[in-house]
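Feature annotation from Swiss-Prot assigns substrate binding site to R99, E189, F236, E237, Q238, M239, E240, E360, P361, S362, A363, G364. As annotated by Swiss-Prot, ATP binding site applies to 221-223, 231-236, 305-306, 364-367.
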Amino acid sequence: MPASSLDELVALCKRRGFIFQSSEIYGGLQGVYDYGPLGVELKNNLKQAWWRRNVYERDDMEGLDASVLTHRLVLHYSGHEATFADPMVDNRITKKRYRLDHLLKEQPEEVLKRLYRAMEVEEENLHALVQAMMQAPERAGGAMTAAGVLDPASGEPGDWTPPRYFNMMFKTYVGPVEDEASLAYLRPETAQGIFVNFKNVLDATSRKLPFGIAQIGKAFRNEITPRNFIFRVREFEQMEIEYFVRPGEDEYWHRYWVEERLKWWQEMGLSRENLVPYQQPPEELAHYAKATVDILYRFPHGLEELEGIANRTDFDLGSHTKDQEALGITARVLRNEHSTQRLAYRDPETGKWFVPYVIEPSAGVDRGVLALLAEAFTREELPNGEERIVLKLKPQLAPIKVAVIPLVKNRPEITEYAKRLKARLLALGLGRVLYEDTGNIGKAYRRHDEVGTPFAVTVDYDTIGQSKDGTTRLKDTVTVRDRDTMEQIRLHVDELEGFLRERLRW
């Protein structure tokens, strides 16, 4: 059976070296995590699979790695300075602080009904309730207290402050002087670096529409209440595509990317039953979006967003371009008085300039890792009554592809053979190959089941020509154990390379 709780996954991640709390020896930094020896391999494998699919295997995509430090004007004209904020509320009794919409989602139905009545919101729509509360914050704080809104930390009704907005961007200063002129931000998303480089990429590659720019990188959001392990954190990684299309073709390409991304996640090992496409209703759409479909996943803590695919129209390039009036921008954008470049596309047939629409598939790397771990976690009862935990990861994503294990660690002939074999398998370029000489083959198998290693190769007495029957007929053969079935076969080392290539290459 899969993980019964998020705590079960967290325990496995720490015990086996996937993910650690950052700065743990100093009490930890809330909402920040470090990837350990196995976690970094899993995360890198996921990113490489995404890059291979979306850049190498396509003829309409270019890559980019934009800087984390972001010019203030980029985030001013994108709208982040004014709108990148979440509603926040405090409990005066416990001194705890919560994001308002998350807090309300956790309330009993009778509490919410009292709030709807108090805020005069007729339709029981949580989004509409939050909007009404933010428009009348003083009234909302009193209504929350009167309605008996519960504090998740104590389980008791709270004494709530008026809700207010909190901008989630991390500020910093570039250079030795901390003044308004040197203000910059750690980027809250990777997308803006793509938009401001649109003309650079277009000029360098001579791309024709439709085409995309792909990027994987860190982003930073000062979340009010980071929670659920690596699901909602303050430092995270994104895999984003900005796919530029002609106006009028945007709805087709939006549908295309929703299906493409759903298919890819299934190919990574997530079951279709756990992936739920969710079409955002108009009241939930971001200010820039014409349409957004979220791919939700059934995490141990609930159904939550794994990836979003948004039709951003011409908002982004229209926000950052010069000559806005001449380009017929359809989205509502700030008047740009600073941009030095025209971020537009010239139709090769008509010679007319226009601002392309953008389709954005945006996935969280950390959420992807969490989904893979949750999906793969399996607790099995064995025929002998014992129990094992196995991570049934897609073999190509597994942190360790092959474990090479000498049957005993006190026979140099066996250990040296195993080391040579490890080097030979590593040269295949299939990923990490681990040599392990713990001396207890049974415990080694269980340990590698738990971290998802698809194949364990054992070097024994037969391998070095010292079979119990006194023959050398099994010389240069090894035992190969399958993680999922626990079945073992014997292969000649010359056959082993082809066997592993067939099962571990993309």
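From the backbone N, Cα and C atoms, a Cβ is placed for every residue, glycine too.
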Are there any residues in the same chain, six or more apart in sequence, whose C-beta is under 8 angstroms from the C-beta of R232 (ATP binding site), and if so which?
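Sequence-distant Cβ neighbours: G31, E223, T225, P226.
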In DSSP terms, helix, strand or coil for L306 (ATP binding site)?
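In three-state terms, L306 (ATP binding site) counts as strand.
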What does DSSP call R221 (ATP binding site) in the simple three-state scheme?
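In the DSSP reduction, R221 (ATP binding site) maps to coil.
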List the binding-site residues among R99, F236, Q238, P361, A363 whose C-alpha is within 10 Å of the C-alpha of R221 (ATP binding site), in sequence order, or say none.
F236
Select the closest residue to Q238 (substrate binding site) from the following binding-site residues, measuring between CA atoms: L306, V365, R367.
V365
If you skip the near sequence neighbours and keep only those at least six away, which residues in the chain come within under 8 angstroms of R367 (ATP binding site), Cβ to Cβ?
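Correct list: I230, F231, Y297, E304, E305, L306, E307.
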For V365 (ATP binding site) and F236 (substrate binding site), determine the Cα separation and express it in whole Å.
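Between the Cα atoms of V365 (ATP binding site) and F236 (substrate binding site), the distance comes to 7 Å.
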Please identify which of E223, E240 has the densest Cβ environment, defined as other Cβ atoms within 10 Å, among these binding-site residues.
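By the 10 Å Cβ neighbour count, E240 comes out on top.
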Three states by DSSP: which one describes E240 (substrate binding site)?
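It is in a strand.
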For a quick check of packing: other C-beta atoms within 10 Å of the C-beta of R234 (ATP binding site), how many?
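There are 19 of them.
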Reduce the DSSP letter at R367 (ATP binding site) to three states and note it down.
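SS state of R367 (ATP binding site) = helix.
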Which one is it: of the binding-site residues E240, P361, A363, whose Cα lies the shortest distance from the Cα of R234 (ATP binding site)?
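So, spelling it out, the nearest of the binding-site residues is A363.
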